[in-house]
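The Mg(2+) binding site annotation in Swiss-Prot covers GLU67, GLU69, ASP98. Among the features that Swiss-Prot reports, transit peptide is placed at 1-30.
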Amino acid sequence: MATSMIQRMFKQGTKIVCVGRNYAAHAKELGNAVPKEPVIFLKPTSSYLENGGTIEIPHPLDSLHHEVELALVIGQKARDVPESIAMDYIGGYAVALDMTARELQASAKASGLPWTVAKGQDTFTPISSVLPKAMVRDPDNLELWLKVDGETRQKGLTKDMIFKVPYLISYISSIMTLYEGDVILTGTPEGVGPVKIGQKITAGITGLSEVQFDVERRVKPLS
């Protein structure tokens with residue numbers, strides 16, 4: 001089940017829908033207002049990185065910011081889904097990282113430009129294997145954590161999400177159709193910060209899933 005779900009996610013999923021500022025403490029640490037409705041943006045599926053892979057920092061950057069998140073894997077086509085039945089459209093869960101080139105994002109924001117280049121590059125969405133839906137009894141009661149070289153950087157509870165899982169599915173499906181294998185990243189708790197070349201990230205959902213990734217410089221082939 002988990003193997004087939006992750007295969008569908010990688011091969012059939014059409015998009016990664018991300019929810020920004022969905023934890024009040026994280027919005028505050030970045031100097032952003034707490035949103036009154038979900039802040040959503042997209043990442044390409046080409047940014048996926050399987051557990052054990054290497055996160056690549058592109059030249060000339062020296063670091064990326066880590067953001068650990070609960071990922072929802074959509075199990076069936078969803079359009080205009082009522083909040084009351086939204087959980088029926090989840091196929092599974094995963095732990096994911098929304099790696100962010102914060103310098104590029106800040107520069108784009110200051111110029112009033114989109115910031116896909118800051119979040120959509122190859123290896124910028126490391127993700128675990130898919131947890132079957134039955135393994136996660138209450139997605140509103142999970143602990144997310146992230147360590148860099150063994151030092152805890154992030155630890156937060158999904159109950160602190162501003163917009164809960166059923167609402168997110170209903171809201172997003174009212175804007176765009178979600179397909180089997182699509183992924184929703186539900187936001188990150190406070191504690192985001194830089195990770196540099198040569199460091200190692202471990203992250204997980206306590207008691208359910210754990211991932212690890214090395215961080216290295218991206219090396220392009222010689223032209």
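Along the chain as shown, the residues are counted starting at 1.
Cβ atoms are placed via backbone N, Cα and C, with glycine included.
Owing to the predicted nature of the structure, the values given are computational and were not obtained by experimental measurement.
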So of GLU67, GLU69, which of the binding-site residues has the fewest other Cβ atoms within 10 Å around its own Cβ?
GLU67
Once the chains shown are all counted, how many other Cβ atoms turn up within 10 Å of the Cβ of ASP98 (Mg(2+) binding site)?
25
Can you list, in sequence order, the residues of the same chain other than GLU67, GLU69, ASP98 whose CB lies within 8 Å of the CB centroid of the Mg(2+) site?
CYS18, HIS66, VAL68, ALA96, LEU97, MET99, THR100, LEU185, GLY187, THR188
